[in-house]
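Have a look at the structure below, then the notes.
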Amino acid sequence: MTSKAVPKALRIALRGDSILTNPRFNKGTAFPAPERKTFGLTGRLPYRVNTLEEQCKRAYDQLKIRDTPIRKNTFLQSMKDQNWVLYYALIRRHLKELIPIIYTPTQGEAIANYSHLFRRSEGLYLTYANEDTMEEDFLEQTRGRNLQLFVVSDAEAILGIGDQGVGGIGIATAKSALYTLVGGIHPAEALSITLDVGTDNEELLKDDLYVGWPHTRVRGEDYDRFVDKFVQLVRKYYPHSLLHFEDFGVNNAKRLLDFYRGQHAVFNDDVQGTGAVALAAVMSAVGVTKSRLADQRFVIYGAGSAGLGIARQLRQGMTTLDNVSSEQANKAFYLLDRHGLVKQSLDASFIRKGQEEFARPDSEWDGVPTDGNGEVGLLEVVKKVKPTVLIGCSTKKGVFTEEVIKEMAKHVERPLIMPLSNPGRLAEVDPKDANEWTEGRALMASGSPFPPTKQPNGREYIISECNNALIYPGLGFGTMITQAKSMTDTMIIAGTRRLAALSPALRDPDLPILPDFADAPEVNYEVAVAVAEQAIEEGVAGVDWKKEDAKEHIKHAQWIPVYQDFIYDSNGVR
């Protein structure tokens, strides 16, 4: 569906080691004999010419002998530094197996050890201490490049492991790689950036090998000025690009998104992507149970950036698809955080920004048992609310206990249970246990990969992976290719509806509620088409295509990892 012809020959101005050490153009042993002669490589390479398929087989054999995920991660990173086509071609051939290696959960370990694993810089490092030269540094790395995507992190809230300072470049590069792998953006058109504003991670500050700015994290007006200076550079030099914010802290993520989304095409995966894929899973489950979004009762355990993002996206789905008001939709949500159920009487210092929208009236909870601190816990909320949907974003392992799950299942025929915390060791419940405690009636999606479970009838039930990568590359690609002025809520809903429509469970309720991650490239193509069509329809696109032309434009624009033919030209690409 997303395949296209091999690109036409590219004119290159590099020869010898210059081309072999450039990962964008290096083919290694796949350089054909005529190109070896033209580019001065005959004596620099062994005689045999390999196909890309043969190179992938060799690389996969080398990968398999690495005995730990982190060693596999560093091997693949090294390959990426050498040969882009081979790196992306290998991972696409083993997508489900290798995404957990280059992304969550293994990338979290690589980021935590970034300074000790450091070999070669990748991307752009903008440091607060060098704020005066930011524009010069930005232009030095971007001048002359056709950049369509900037993925940026300040690394305050990395993958459930918290503040990682300059190591945040690792999450930006991982997200960029997924944009290429399953979204189709050319890797040369994406730039990964870390905003190094210091770190409050004491271990890093005390580490003599830490490679970032050894200073406590900058906050307040100084932080805002630094971030704004960066955003204005993107707007000035790349006005039609997409700016993807990643793993910013809970006090900045939604705030920055809201501030900039009216100025530029911006996207925050933690706020919007997590919410979008969760909404798609719920929409699929609603299709199975023949109900409506507006009929559901949602308990969300963990109300940080991800939990609030999910609540807001579910609310947006209800207002858009079921035509209910935001005020009415808010009544369907019960959020729990560090101080139990989020109620209106909670001290203001206990309520994170954004939670007040969903705070429950205290009068609802008269007579409900509380703990020693007067807080209403998860079990009591489940008993009173009888939720149809239980979502975990807390990183509290096992908090969805047998008693909680059985209480939920007493009142709902097909409960939807979504332990979304990453990595899997932090999941709120093991799906195998949830399946057993509900006698196989639960619909499930998890944040990390889990093995299938057995149903009472002997059939396997595949646990859907509620992975943002099923949707965010398509959301981004559809926005970028149409040069949309912003990524609107209705564009996100359009992409989410397309993802939900691809649910295998809509054909058979015993199948997973989300598509298999192995199908992520095809899924994101469909998402990108839906987003592009919506952007054109609502008039925010910067292109003059007709809506029905979007499919062909996207198919033609997607990059695939195959080797191009090269022609030497002293005026060619350098």
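Any Cβ shown, glycine's included, is placed from N, Cα and C.
TrEMBL: automatically predicted annotations, no manual curation.
Just so you know, the Cβ of Y103 (active site, proton donor) picks up 22 other Cβ atoms within 10 Å once every protein chain is counted. As annotated by TrEMBL, active site, proton donor applies to Y103.
Taking Cβ-Cβ distances under 8 Å and a sequence gap of 6 or more within the same chain, the neighbours of K175 (active site, proton acceptor) are V151, S192, H244, E246, D269, Y472. The active site, proton acceptor annotation in TrEMBL covers K175.
The divalent metal cation binding site annotation in TrEMBL covers E246, D247, D270.
Positions annotated as (S)-malate binding site by TrEMBL: N422, N467.
Residues or ranges marked as domain 'Malic enzyme N-terminal' by TrEMBL: 80-261.
Summarising the annotation, TrEMBL assigns domain 'Malic enzyme NAD-binding' to 271-536.
For the binding-site residues N422, N467, counting C-beta atoms within 10 A of each C-beta gives the highest total at N467. The sparsest Cβ neighbourhood within 10 Å, among the listed binding-site residues (E246, D247, D270), is found at D270. N467 ((S)-malate binding site) and D247 (divalent metal cation binding site) have their C-alpha atoms 15 Å apart, to the nearest angstrom. Here the CA atom of D247 (divalent metal cation binding site) lies 13 Å from the CA atom of N422 ((S)-malate binding site).
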